[in-house]
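> Quick one: this structure, given as structure tokens, is what I'll be asking you about.
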Amino acid sequence: QAPIKATCEDMSCKTGFPEDVHSAVVSRSVHGGQPLLNVRFRSCDGNKKIHFGSSDPEDFRVGEDGVVYAGRSFQLSAEPTEFVVSAQDEDTQEEWQMRVKLTPEPAFTGPPAKDHKKIEDIVFPWRQYKHNSHLKRQKRDWVIPPINLPENSRGPFPQELVRIRSDRDKSLSLRYSVTGPGADQPPTGIFIINPISGQLSVTKPLDREQIASFHLRAHAVDVNGNQVENPIDIVINVIDMNDNRPEFLHQVWNGTVPEGSKPGTYVMTVTAIDADDPNALNGMLRYRILSQAPSSPSPNMFTINNETGDIITVAAGLDREKVQQYTLIIQATDMEGNPTYGLSNTATAVITVTDVNDNPPEFTAMTFYGEVPENRVDVIVANLTVTDKDQPHTPAWNAMYRITGGDPTGRFTILTDPNSNDGLITVVKPIDFETNRMFVLTVAAENQVPLAKGIQHPPQSTATVSITVIDVNESPYFVPNPKLVRQEEGLLAGSVLTTFTAQDPDRYMQQTSLRYSKLYDPANWLKIDPVNGQITTTAVLDRESTYVQNNMYNATFLATDNGIPPMSGTGTLQIYLLDINDNAPQVNPKEATTCETLQPNAINITAVDPDIDPNAGPFAFELPDTPPSIKRNWTIVRISGDHAQLSLRIRFLEAGIYDVPIVITDSGNPHASSTSVLKVKVCQCDINGDCTDVDRIVGAGLGTGAIIAILLCIIILLILVLMFVVWMKRRDKERQAKQLLIDPEDDVRDNILKYDEEGGGEEDQDYDLSQLQQPDTVEPDTIKPVGIRRLDERPIHAEPQYPVRSAAPHPGDIGDFINEGLKAADNDPTAPPYDSLLVFDYEGSGSTAGSLSSLNSSSSGGEQDYDYLNDWGPRFKKLADMYGGGDD
């Protein structure tokens with residue numbers, strides 16, 4: 001600890017620094033922004049504005065309050081460091097200077113014995129000056145040099161540091177206190193002060209890695225709490241101790257180095273940090289390699305820069321094919337690597353030797369064999385296998401193949417299998433067995449990247465490939481194809497047109513002859529001899545046919561050999577048809593309209609001839625001599641080679657339709673002519689030459705399309721009427737049927753049938769009982785129609801078709817008739833068992849008919865169980881009492 005003492009002995013006022021040289025003791029390690037000392041400057045005029053400066057502003061700067069701070073972090077040398085502090089009056093520009101001498105504190109050797117420890121005093125400074133012939137006391141603020149306190153001190157605690165006092169404690173009873181972080185601010189209670197004696201003490205060990213320095217402020221007040229002295233700043237620096245081991249940023253470091261690297265090749269950098277002061281020995285690290293595994297080819301393949309941690313190679317011989325990875329144990333030691341006093345730690349560096357192309361690909365055989373059928377492409381002929389010691393699936397291992405000889409026409413290429421690295425020889429152009437029966441290729445293998453410097457390709461990087469071509473049955477081909485034949489149209493059927501033959505390229509196969517057939521002949525004009533290929537006509541060749549385009553007719557023929565399997569080829573015959581004058585010209589249009597009068601009455605007509613030059617136009621137009629009325633009424637004038645005008649010769653021609661024959665002759669040799677009839681309608685015209693007749697289609701009649709359309713409309717109308725009638729009849733039938741069918745509310749499946757009131761009985765009604773005695777006389781129209789059931793029938797199925805019961809012979813008696821009806825109903829499997837008692841409304845007193853109670857059904861009631869009627873509700877209570885009551 002440097003002694004710190006401040007006194008005030010000068011009673012007179014003199015502006016400037018109190019001393020020319022100011023000495024201070026500071027710690028060896030200086031941090032940027034750390035306050036070092038306070039320069040004392042006397043200003044007799046309190047209004048002066050003083051500006052402080054430093055001769056070494058990069059390392060030291062002076063604040064406006066006179067506190068000197070470190071401009072950067074650095075390590076003081078053992079020799080004292082000097083610089084000049086200047087003070088300048090901003091108004092008068094007057095300047096004062098003082099030399100500052102900083103001495104680093106000696107190395108700490110441990111706390112002195114308590115008995116020998118001397119506690120220094122810090123006295124609040126003050127000075128007096130004259131003002132109006134009276135002495136005044138003026139307080140001055142200044143910062144004492146820092147107090148250096150080692151961390152991790154063992155005590156005993158509290159440990160006394162310094163004593164703070166005021167020179168007025170002789171006349172006043174003062175109380176001292178300290179404030180700031182570590183005193184009354186977090187972390188509180190580290191520093192305490194005796195309020196009476198001003199003794200400042202530390203209460204526990206300090207840790208520089210947590211807080212490197214404390215900035216406290218000391219206060220002096222009287223017993224009433226009035227401030228007696230201005231507060232002074234106390235800086236306590238915690239001196240670093242070597243209490244932290246170096247720590248690597250990563251426990252495992254990964255790096256790479258290419259194989260074959262020269263000595264001095266940079267590999268990687270490992271870094272460790274130490275929580276101790278990096279500017280002191282405690283935080284200065286040194287690196288070294290403890291071990292290397294494996295130790296081949298040399299136990300010292302790498303070295304490390306002991307200060308930076310850079311790992312480099314120091315020996316040659318890195319070969320990935322022998323050693324792919326090295327593991328280094330790296331040690332970092334503080335105290336500049338001192339093995340006795342320094343603390344150390346270790347980490348692992350894993351160095352992977354990366355592959356370079358130092359091994360060329362080598363073929364597994366000197367000669368490879370393959371075969372390919374002729375005329376085949378995109379087929380693999382042979383597989384070329386190579387070995388490469390470099391790392392698989394890298395550019396140094398991936399093989400590329402090239403053909404260096406034996407394939408001048410480029411019929412083969414070599415692709416590389418990305419998985420196996422094999423070379424696949426593939427055919428890219430068809431090969432003809434009759435031309436080449438075998439190929440001998442020279443193939444070289446290389447890598448995707450060039451070989452490393454100094455390495456050459458061995459002979460094993462070149463191989464020979466022998467490829468045999470297999471003969472196959474090839475398709476015959478026509479020569480020439482297509483074949484052009486020029487022929488005049490009109491060639492009669494059965495005429496020989498030409499001979500169209502094909503050739504078989506298989507010269508070395510034992511085959512007989514080719515067979516010919518027709519494949520495409522749209523007009524069916526030709527046939528071909530299957531043996532010699534002679535083509536003859538089967539119809540007249542017509543250039544004007546729709547199958548002829550631009551005078552050309554195309555037909556396709558097929559030639560087939562007898563190989564295994566049979567092969568065929570096609571050939572196209574092109575017939576260029578030369579025109580002959582086989583078509584007479586015709587008039588166009590066929591109908592025209594003109595006016596009754598002479599003007600305007602010109603009709604433009606055109607001659608149409610399917611033939612072409614010179615068998616077409618120019619055409620000659622004329623009117624025939626017969627009948628004489630043609631030339632008498634009409635005249636024709638040619639206006640161009642293809643066009644003419646027909647007009648009236650007389651002034652007036654009665655309205656009507658006239659057939660005017662016109663003779664048209666072409667320019668062919670010989671000429672061809674025809675008489676075409678032009679239907680001319682003569683009508684009344686307005687001043688514009690337009691027809692004004694009402695009936696413009698007199699004599700023309702209706703066309704076939706119009707008649708068909710009218711008939712279709714009539715048929716559709718009749719069908720609609722018929723459908724409407726059928727629908728009306730069906731609806732009437734449904735209405736009648738609904739009147740006879742059971743109402744859903746009266747369905748016997750749900751309740752007992754309730755009949756309508758039938759009146760006061762049979763006495764007041766006129767019934768013909770003879771109908772019951774003679775049932776055969778009932779009119780047929782009274783028979784129940786199909787689909788209408790009795791009101792007392794149970795509907796089992798929708799409209800069931802019951803079998804027709806056979807008519808019983810005439811019983812002659814109503815009783816026998818009813819009995820026979822009962823038997824028929826009992827024996828009918830489709831009839832429901834509803835022949836039991838039916839309850840009718842009251843019909844009056846008495847009846848001319850006899851009682852039917854003596855009639856019994858053939859099925860005894862005792863044989864049936866009617867207990868289920870009790871479950872049908874109150875409506876069936878009466879029926880349940882009658883049939884479900886047991887013996888009662």
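The first residue you see is number 1, and the count goes up from there.
Each Cβ is built from the backbone N, Cα and C atoms, and glycine gets one as well.
Here TrEMBL flags 758-767 as compositional bias 'Acidic residues'. The compositional bias 'Low complexity' annotation in TrEMBL covers 845-862. The domain 'Cadherin' annotation in TrEMBL covers 141-248, 249-363, 364-478, 479-587, 586-692. Annotation source TrEMBL lists region 'Disordered' at 757-782, 845-866. Per TrEMBL, the feature transmembrane segment maps to 706-728.
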> Run through the domain 'Cadherin' (141-248) and tell me, per DSSP, how many residues are helix, strand and coil.
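Looking at the domain 'Cadherin' (141-248) with DSSP, the answer is 0 helix, 53 strand, 55 coil.
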> Take the domain 'Cadherin' (586-692) and average the pLDDT across it for me.
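Per the prediction, mean pLDDT sits at 83 for the domain 'Cadherin' (586-692).
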> Using DSSP, what's the helix, strand and coil tally for the domain 'Cadherin' (364-478)?
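Helix, strand and coil residues of the domain 'Cadherin' (364-478) number 3 helix, 52 strand, 60 coil.
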> Would you list the DSSP helix, strand and coil counts for the residues of the domain 'Cadherin' (586-692)?
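Helix, strand, coil within the domain 'Cadherin' (586-692): 6 helix, 53 strand, 48 coil.
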